[in-house]
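Colleague: Can you keep this structure in mind? I'll have questions shortly.
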Amino acid sequence: MAVGRNNTIVTKFILLGLSDHPQMKIFLFMLFLGLYLLTLAWNLSLIALIKMDSHLHMPMYFFLSNLSFLDICYVSSTAPKMLSDIITEQKTISFVGCATQYFVFCGMGLTECFLLAAMAYDRYAAICNPLLYTVLISHTLCLKMVVGAYVGGFLSSFIETYSVYQHDFCGPYMINHFFCDLPPVLALSCSDTFTSEVVTFIVSVVVGIVSVLVVLISYGYIVAAVVKISSATGRTKAFSTCASHLTAVTLFYGSGFFMYMRPSSSYSLNRDKVVSIFYALVIPVVNPIIYSFRNKEIKNAMRKAMERDPGISHGGPFIFMTLG
């Protein structure tokens, strides 16, 4: 438990959410429920498809299935509570629950940073060293990179969470957000937040810069290798292979850097809520679309699954997304 002003024990916070207008509540609930269900349906479908089709048992799709799992956990750390708060008057969250929510949300996000870097290295190995690909990207190495991503992500998240939630907080303990994100929680602190801001910035820089450097170096080598390909068809195929990953990287890192790698004086809680919706709810639902829309192997795997079980064609929106 944290200590508030006058040595009172802080046991809970109140999440103000996005809007108090009754008409907006219904619209927001339907919108975010739809996004959450689509995220679950599309990512679970992608995981199941990769597991069922032996042609997709490759490092690239091993990483992709882990990314889908991460996105499910990532959005589930905030969406259920947010949906519950929209339709009920009980918008409180315990101090421990708030800290846990931020720890899981931050841990999943930082883990995704490392995983996207691992996926960039995988693309580098596949395009720049195709003959040595199975040697460079072995199953053991894939497991080590995924485990390392989780360890690095959640260790970094623990450091951030501890530095933030050790503060004294001022009443009335109202968080102007729909989940326990960093800026609105720090805004309630009665004590100096400089150290926490420095710690958070350092963690964000280390994780962000390291993972971005891996991505940039990998794609630097990829571009150098692709321009040497004499066939225009070969160049197009190589670039299209990387386009989906680059799109996902740009969306994720761009929104993350905007939120967490800037001075606290530039925070605008109302504006940041909109940005938070994008990286907390929208990115997890568009990732499977980005990776599947132009992926022939996933489309072929889906067609085979539909041929084996025609009932799959009525199984959800993922079918139309992959084959449309």
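Each residue, glycine too, has its Cβ placed from N, Cα and C.
What Swiss-Prot shows for this protein is this:
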TOPO_DOM  1-26  topological domain 'Extracellular'
CARBOHYD  N6  N-linked glycosylation site
TRANSMEM  27-47  transmembrane segment
TOPO_DOM  48-55  topological domain 'Cytoplasmic'
TRANSMEM  56-76  transmembrane segment
TOPO_DOM  77-100  topological domain 'Extracellular'
DISULFID  C98-C190  disulfide bond
TRANSMEM  101-121  transmembrane segment
TOPO_DOM  122-134  topological domain 'Cytoplasmic'
TRANSMEM  135-155  transmembrane segment
TOPO_DOM  156-197  topological domain 'Extracellular'
TRANSMEM  198-218  transmembrane segment
TOPO_DOM  219-238  topological domain 'Cytoplasmic'
TRANSMEM  239-259  transmembrane segment
TOPO_DOM  260-272  topological domain 'Extracellular'
TRANSMEM  273-293  transmembrane segment
TOPO_DOM  294-324  topological domain 'Cytoplasmic'
Colleague: With DSSP helix as H/G/I and strand as E/B, how many residues of the topological domain 'Cytoplasmic' (219-238) fall in helix, strand and coil?
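Modeller: Summed over the topological domain 'Cytoplasmic' (219-238), the classes give 15 helix, 0 strand, 5 coil.
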Colleague: Does the transmembrane segment (273-293) come close to the transmembrane segment (56-76), meaning at least 3 CB pairs under 8 Å for residues 6 or more apart?
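Modeller: As far as Cβ distances go (cut-off 8 Å, pairs 6 or more apart), the transmembrane segment (56-76) and the transmembrane segment (273-293) touch.
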Colleague: Among all chains shown, work out which of the disulfide-bonded residues C98, C190 has the most CB atoms within 10 A of its CB.
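Modeller: Result for the most crowded candidate: C98.
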Colleague: Under 8 angstroms for C-beta pairs, at least 3 of them, ignoring pairs fewer than 6 apart in sequence. Is the transmembrane segment (27-47) in contact with the transmembrane segment (239-259) by that rule?
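Modeller: As far as Cβ distances go (cut-off 8 Å, pairs 6 or more apart), the transmembrane segment (27-47) and the transmembrane segment (239-259) do not touch.
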Colleague: For the topological domain 'Extracellular' (156-197), what are the same-chain contacts with Cβ under 8 Å, counting residues 6+ beyond its ends?
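Modeller: Answer is 2-5, 8, 10, 12-18, 77-78, 81-82, 85, 93, 95, 98-99, 101-107, 110, 203, 206-207, 259-260, 264, 267, 269-270, 272-273, 276, 280.
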Colleague: Take the topological domain 'Extracellular' (77-100) and average the pLDDT across it for me.
Modeller: 92
Colleague: Could you tell me what the rest of the chain brings near the transmembrane segment (273-293), counting residues at least six beyond its ends with Cβ under 8 Å?
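Modeller: Contacts with the transmembrane segment (273-293): 18, 32, 35-36, 38-39, 42-43, 45-46, 64, 67-68, 71-72, 74-75, 78-79, 105, 109, 177-179, 181, 244-245, 247-248, 251-252, 255-256, 258-259, 299, 318, 321-322.
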